[in-house]
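K.L.:
Sending over a structure as structure tokens; questions will come in a sec.
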Amino acid sequence: MCLYGSNVHGVLLQTLTIFHNGYYNRSYPCQIIFRFGYRIQIKRSDLCLKLNVLQIIDQEINPYVDKWEEEGLFPAHKIFKILGNAGFLGVNKPVEYGGLGLDFSYSVAVAEELGNINCGGIPMAIGVQSDMATPALARFGSAELKKEFLQPTIMGDIVVCLGVSETGAGSDVASIKTKAVRKGDEFVINGGKMWTTNGTQADWMCLLANTSDGPPHKNKSLICLPMNLPGVHIARKIDKMGMWSSDTAEVFFDDVRVPCKNVIGQEGMGFTYQMLQFQEERLWGVANILTTMEKVVQETVNYTRQRKIFNQPILYHQVVHFRLAELQTEIELLRSLLHRATALYIKGNDVTKLASMAKLKAGRLARELGDSCLQYWGGMGFTSDVLVSRFYRDSRLMSIGAGADEVMLSIICKYMDTLPKK
């Protein structure tokens, strides 16, 4: 049986063991060869993870999504604590800090199921907490930092945000201006961050700042920054086109003092660490939006089957059912790319090119799918009462956040060696 509850990680880990011992010989790592019609090896425990996530979504999240969308905020501390108790905020993080110690493919499985949430903002906020702001800390941070920041983040006791983008530096990460100047055993931080997901509710920030005047790819560090320090100012909660239930903040730093020991890993390696974090962020984002796209297509099938025009269901018009078939095919092709990239990633390969391709394709497909499906809903699609219109608004961010489409193309071209020589 798959359950989530207050027994922190014991429930889930015990369930995984039951699945293993109950259905498979110990000599074989509980693998099957079927998933979403695509022949790849997966672990049976993926299914248990998915069932647990769905239970939480159905009971604790989806019944309240419309209310949170209207209010422009969801209770991050409450939801993250529920997810933390069930083990979903540290699926691939070290066991000694409260994680489940599984590989990244399990995080992808969870991300796919979180796509069943009836909006884009809440899954995005969860992804920041679990797979976007913490990979570098888990991999390179000191034991002291992991104890202070990583463990309570995994448990859902505190909320984290990621401070990378600035007003004049979004996808061009090397151009950030926020400075952290060393004074004794502290850094004094001045500057600001923009588009900060979870920013108004966060207890700490994984901050990228310039810690020296060296070359732009070697002068940056990631710093664990408590948000309650003097000099940290939440300038405003940004009003957005979509992702309404996710709070997005503009944050300023005015002589904020942080201990030098709060630097994650090696000083000056922040740009490299953040590029590594982006790989997991991009794969996670692709996995998450796949499920939502599939859900939008299915809801469109259901609507066009019962809605009639010219004395027959809209779905029966060839242009409609052919288009939906094309979109479903594109979803499956993207899923195959995601699974291939994930399989290579967990084996230690550089998947920068594949992750960039998947991110690029996901953003473009989401825009194409949202536009096509909304068209078949007619006037209903232009209201805010249906999932397709919410997806149309929310999914536009996929081609902008975590690296714009044009940046993904540049990365792909770099790996293809087709960029003009300087």
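Placed from the backbone N, Cα and C atoms, the Cβ positions cover glycine too.
Straight from TrEMBL, here's the annotation block:
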{"type": "DOMAIN", "residues": "53-156", "note": "domain 'Acyl-CoA dehydrogenase/oxidase N-terminal'"}
{"type": "DOMAIN", "residues": "161-256", "note": "domain 'Acyl-CoA oxidase/dehydrogenase middle'"}
{"type": "DOMAIN", "residues": "268-414", "note": "domain 'Acyl-CoA dehydrogenase/oxidase C-terminal'"}
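Help me see these features in their spatial surroundings.
P.N.:
The helix, strand and coil residue counts that DSSP assigns across the domain 'Acyl-CoA dehydrogenase/oxidase N-terminal' (53-156) are 75 helix, 0 strand, 29 coil.
Here the domain 'Acyl-CoA oxidase/dehydrogenase middle' (161-256) returns a mean pLDDT of 97 for the predicted model.
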K.L.:
According to DSSP, how is the domain 'Acyl-CoA oxidase/dehydrogenase middle' (161-256) divided among helix, strand and coil residues?
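P.N.:
DSSP classes over the domain 'Acyl-CoA oxidase/dehydrogenase middle' (161-256) add up to 3 helix, 51 strand, 42 coil.
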K.L.:
For the domain 'Acyl-CoA dehydrogenase/oxidase C-terminal' (268-414), give the DSSP counts of helix residues, strand residues and coil residues.
P.N.:
122 helix, 5 strand, 20 coil
